[in-house]
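One structure below.
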Amino acid sequence: MTAIRTHRPARFACFVTGTDTGVGKTHATATLLHALHGAGYSTVGMKPVAAGGEWLDDRWQNDDVDQLRAAGSVIVPQEEMCPFFFRTPASPHLAAALEGERITRGPIRDALEVLRRKADAVVVEGVGGFVVPLDVGAVRWTTADLAVMLDLPVIMVVGVRLGCLSHAMLTAEAVRARGLKLAGWIANRIDPDMLLPTENIVTLQDALDAPLLGELPWQVAPAAAAQHLDLAPLFASPLPGPSAETGAPRHA
């Protein structure tokens, strides 16, 4: 870890996507935040869009947002971490429509810029898989368009379960088709009963032209799971986008 502290860039940001809903993307993002803090960064997580919440302690709360808040070393208001929060547990565009709102680019872009001024490292977690509708009709856009707008290197979380090979390869293909860099991937052990999990991971190591950053064991808390991540590949060469410098996200 000392070598990483010495050779890491001064600032870092990335976009975390998953091969599907329910692959442990938030768990992996929280683990990554702990690992980055261990490498010497002040850290904050961002969940631009969250759908599904419950009323606790006199306010609406979302478990994903709460997990990221707990994992980061810098505490910020919920509206900065999550510009678009909907109570309805549904696809974001449907939840927004039910609650009379629309998900737009500006507030997300502005929130990221605020967070980048408050922490050395910002980890942005997408919602669902890589291509999830955020709005439809004349202003159609998806989480893939969100990743392009933010112009950050992408880290893909693979839920190691039956079907993960095709899901991972399709997601990697979709990331690269949009001109984004797949900076690495994380294998998250989400099915303790899966047959041949190691063999599936080895297959993906051969198939994906991106480094495996680590394997997260079944039901290990993010702070402890962080020791299973190797951040060195992320810092081995300059990454594109505002993670490498202080440039602004794309405005497309």
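Even glycines carry a Cβ here, placed using N, Cα and C.
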Seminar exercise, completed: Given that TrEMBL records THR26, GLU125 as binding Mg(2+), the matching residue among ASP64, ASP66, ASP191, ASP193 is ASP64
Exercise. The ATP site in TrEMBL includes GLY22, VAL23, GLY24, LYS25, THR26, HIS27, ASP64, GLU125, GLY126, VAL127, GLY128, ASN188, ARG189. Which of GLN205, GLN219 is also listed there?
Worked result: GLN219
Exercise. Can you tell which of LYS47, ARG189 has the most other C-beta atoms within 10 Å, given these are the recorded positions?
Worked result: LYS47
Exercise. Which of the three DSSP-derived classes (helix, strand, coil) applies to LYS47 (active site)?
Worked result: coil
Exercise. Can you count the other CB atoms that lie within 10 A of the CB of THR26 (ATP binding site)?
Worked result: 24
For this session: Around the recorded Mg(2+) site, report the further residues of that chain (criterion: Cβ within 8 Å of the mean position of the Cβ atoms of THR26, ASP64, GLU125; site residues excluded), sequence-ordered.
Result: LYS25, THR29, ALA30, GLY45, LYS47, ALA50, VAL65, GLN67, LEU68
